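Database features, via Swiss-Prot:
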type: TRANSMEM; residues: 19-39; note: transmembrane segment
type: TRANSMEM; residues: 42-62; note: transmembrane segment
type: BINDING; residues: 61, 64; note: Na(+) binding site
type: TRANSMEM; residues: 89-109; note: transmembrane segment
């Protein structure tokens, strides 16, 4: 899944910057935040060790890719693209944290709706 989405985004937006990895990591962070919110709000299966280890660490951790992000940042620096490398590092870290918070907060907000 990561390979196909990353490749698709790269072909659509361009490959002079690692947009594919960027999109994969931010979307994965959002889904991990959503899963954590489900565990905190609903409990049950969503708060079990197996859910945490298999879904969050295994599947979603395997979907996102810190190693590719790091290598691409170093390659940008080696290619003389220090600004793009810095943007990649700062924007990835910031947006991934915000995406986790948005996923988590979104679940908390939705689950408080009267219904």
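Please read every residue number as a count from 1 along the shown chain.
A Cβ is built for glycine as well, from the same backbone N, Cα and C atoms used for every other residue.
Long-range contacts of the transmembrane segment (19-39) within the same chain, counting only residues at least 6 positions beyond its ends with a Cβ under 8 Å from a Cβ of the stretch, are 2, 5-10, 13, 46-47, 51-52, 55-56, 60, 63-66, 68-69, 72, 88, 91-92, 95-97, 99-108, 111.
Candidate binding-site residues: 61, 64. Fewest other C-beta atoms within 10 angstroms, 61.
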